[in-house]
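Noted in TrEMBL for the protein shown:
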type    : residues                                        : note
BINDING : B:R209, B:234-235, B:248-252, B:265-272, B:N286 : FAD binding site
DOMAIN  : B:4-187                                         : domain 'Electron transfer flavoprotein alpha/beta-subunit N-terminal'
Amino acid sequence: MNIVVLVKQVPDSGTERQLDSSDNTVARASADNVINEMDEYAIEEALTVKESQGGEVTVLTVGPDGATDAIRKALSMGADKAVHVSDTAIHGSCAVQTSAVIAAALSQLEYDLVICGAESTDGRVSVMPALLSERLGIPHLSGARKLTVEGSTLKVERQTDGGFWALEAQTPAIVSTWDTINEPRYPSFKGIMAAKKKPVETKSLADLGVDAGSVGLATATSQVLDFAGRPPKGEGVKVTDEGDGAEKLVGYLAEQKLV
Amino acid sequence: MAEVLVLVETAPDGSGVRKTTLEALTAARALGEPSAVVLGAPGTAAPVKDVLAEYGAAKVLVGESDDIDAYLVAPKAEVLAQLVADRSPAAVVIPSTPEGKEIAGRLAIKTGSGFLTDVTEIAADGTATQVAFAGATIVHAKVTTGTPIYTLRGNSVAPEASAAAGEEETIAVSVSDAAKQTRVVDRVVEQKSDRPDLTEAAIVVSGGRGVASAENFSIIEGLADSLGAAVGASRAAVDSGFYPHSFQVGQTGKTVSPQLYIAVGISGAIQHRAGMQTSKSIVAVNKDPEAPIFELADFGVVGDLNTVVPAATEQITARK
Ligand SMILES: Cc1cc2nc3c(=O)[nH]c(=O)nc-3n(C[C@H](O)[C@H](O)[C@H](O)COP(=O)(O)OP(=O)(O)OC[C@H]3O[C@@H](n4cnc5c(N)ncnc54)[C@H](O)[C@@H]3O)c2cc1C
Ligand SMILES: Cc1cc2nc3c(=O)[nH]c(=O)nc-3n(C[C@H](O)[C@H](O)[C@H](O)COP(=O)(O)OP(=O)(O)OC[C@H]3O[C@@H](n4cnc5c(N)ncnc54)[C@H](O)[C@@H]3O)c2cc1C
């Protein structure tokens, strides 16, 4: 079973992240960029499926040149090879445009299964797999907390409020994973060394046959008009419990008419 | 007046609509006259029609078919796309649930439109507000292509009644094979709670790793029940097995925006903040005075949750 895992490089969600005031896009150059944490679960799942079904795991990333770090991480976990779509024209693309680029790249690959994270930690739009499913005409099994492969039949437990939905579809298909699906492995030393020799193919929009004018800020389907830091909250009150903490807490709630 | 399509989210038991629907109807009124779109198995619309009219639906467009329930998301997107083509609405507003976002995305591709997800406000000129980076940044954005599609984040708009005609129209539904690729074989409920729904509750009390055990979560439940609140948990509490995953608040859990959020034994990691930072009032109980949660707390108690919380519960109960 050939699997493509979609991996995005994002600014570290544990640090202060910013938009760039020159064009209202994510400030990626100045950020501490890492692999989208949610995609590690997708990689782990792809490797698990490969271990039971055989085949190859290809990593696909659309992002600036610096995104090679995320690719290396995926390769060091055990993916076999990578495709990196990088083209300055893509800068500032909306999700709709990005999905056209990813779909074009997928069309040049052989896959039975595409696995991706349920959301990125920067855009958090959490629709990329649905957009790709729509564009490629393949089924989407979304929000998986469990994936079972039985021949060409895929079974997914889609996590819901207080339970799950049992989903079924045939390959080729796209599966998006939640962080409840597995525990991603750490790259081993051997894995890190091996990753350095694994093939990474870089493709431009021209290689994909995508018109550069159809992507990027100028033709994005939505536009950020302006942004601002969230207004700072008024300085909060902090009390130390000296036997009266509960009383003060309830006093605050009463004052705010919350009890 | 321009028509705005609002996709209705019904309650899981089918008895009514989720609060998100009333919020979406309220927000849609800024853009035009809402037409509520009810899509589901036969019988879905009957119990919800009246409340849709009460909250401003001039029309209730009803598309009922077993195929809508039997296959995941794609049939709903297909019916909505047909409605957009037939009626040229000014916009489409959808509750921002995982399903709602998937529908929005598919609809965008089908109709050649742009979409904005997780918006907290929609202005009359179509400009929407989004909250980015765990609540740290407020963004104003606009759809520039096609029919604007918005998914509205729960609890960001207060639902306001505004009686309208609620004139019912039946939509013929025929689902294509392309939309029948992912079958929903079963819908399984694992936990049922008598407490308010986490994403809809006016008050949420969440416990973290500091609660220390599953048994000790009764302290959190006790405070929640005294306030009529929902219970939430941090990922560390969930990963430690103290509380089920469906109650997780944060980046990979639920996003909540209640009137009051009480964080107990939670440090306030950025991924936790991502799910609760827009709460109106934030109260924290933590024994570490340096815990980052205090940076966003309106009221913080530095103390041991095992003494502070039960005492607070007792005093709240005594006030009733
Ligand atoms: C704060 C903010 C808000 C935004 N809001 C919107 C909006 O409302 N509408 C809109 O159209 N665009 C929006 N964007 C732009 C959008 O995030 C980007 O176009 C992005 O490339 C695609 O969406 P995502 O990362 O949010 O994907 P998600 O759907 O959240 O990601 C899901 C998965 O798709 C895969 N994936 C996503 N992007 C890539 C990639 N470049 N390469 C490989 N795999 C990938 C990953 O596996 C990921 O886990 C927003 C961006 C930001 C920063
Ligand atoms: C991809 C990714 C996604 C994530 N998604 C989420 C998410 O959705 N939600 C989420 O919550 N986290 C998420 N996290 C995890 C997040 O980074 C933190 O690890 C987590 O929020 C910590 O939970 P905590 O505050 O309960 O635990 P800790 O950080 O361990 O904090 C426990 C707190 O309890 C206090 N305490 C201990 N004992 C007592 C006592 N007796 N009385 C009072 N206070 C006490 C301590 O002082 C401490 O501040 C995610 C992480 C990643 C990488």
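Cβ atoms here come from the backbone N, Cα and C positions, even for glycine.
Where TrEMBL records a feature, it is marked here on the structure.
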{"residue": "B:R209", "record": "FAD binding site", "DSSP (3 states)": "helix"}
{"residue": "B:Q248", "record": "FAD binding site", "DSSP (3 states)": "strand"}
{"residue": "B:I266", "record": "FAD binding site", "DSSP (3 states)": "coil"}
{"residue": "B:H272", "record": "FAD binding site", "DSSP (3 states)": "helix"}
Candidate with the highest Cβ count within 10 Å, taken from the binding-site residues B:R209, B:H272: B:H272
Other C-beta atoms that fall within 10 angstroms of the C-beta of B:Q251 (FAD binding site): 22
Least Cβ-crowded entry, counting other Cβ within 10 Å, from the binding-site residues listed as B:I266, B:A269: B:A269
Chain A neighbours, restricted to the binding-site residues B:R209, B:Q251, B:I266, by C-beta under 8 angstroms: B:Q251
Spatial neighbours, same chain, of B:Q248 (FAD binding site) - Cβ under 8 Å, 6+ residues apart: B:G232, B:A233, B:S234, B:R235, B:V238, B:K254, B:G275
